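Participant: For reference, the structure I am asking about is given below.
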Amino acid sequence: MGSREEELRFILHDLGVGPYFLGTFDKHFPGFISKDRMSCAIVNTAGRETGGVHWLAMAWHPASQTFYMFDPFGFSDQKLKQIYNFEYQGLLKRSALTSTADRCLTLIQSTQSVQGPNSAACGLFCCMFLHAFVRWPLRAMDNNPTMNLIHGVPNNMLESPSSQNVFLRNQQNLYRFLRRHSPHFVKHAAQIEADTAFDKMLTN
């Protein structure tokens, strides 16, 4: 099942992301329309009519002209298009960010996998990343107290048996992090953990 949109919004409010959060969107997300406002969003790789497939987090930091694209699986744009028919480069072209004075911006994309291949916790990992973004926007992807709680492996090792213990520890640390910071998660922990379980895709 994974995470519901309303649930992600409640958790992000608890994490202090609310003032910067534009909302949850399907693959038709129009982009960051205001180039002068620090903002972020959680975007699904599928259309809303499908019920959703995989959550990504996107964030814009105008002071440094930095666009973040966080995928818990660490897929490249080419791989996202191949698997989900989703392109973030196309999203960038639709966005007002390309109308900046010199059209010069820095794209920082996650390239390592932090989520197991059968886990349904992608939305929760996105919440964790956005917590880091609003606090440390210049080093949101790593080298901060939030993202240091999880560890990545090269995307080509996503299915490797040697990676699964790393992913399991990441998900356990993710739940621990949310228990500390989100009253909504604490109140609904049993249901949320069942919906986003490490082996959820095997049991569907």
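Note that Cβ sites are derived from N, Cα and C of the backbone, with glycine treated the same way.
Look at Swiss-Prot and you will find HIS54, ASP71, CYS122 tagged as active site.
How buried are these features, and what lies next to them?
Facilitator: According to DSSP, HIS54 (active site) is assigned to coil rather than to any helix or strand.
In the three-state DSSP classification, ASP71 (active site) falls within coil.
Reduced to three states, the DSSP call for CYS122 (active site) is helix. Residue density at CYS122 (active site): 24 other Cβ atoms are found within 10 A of its Cβ, drawing on all protein chains shown.
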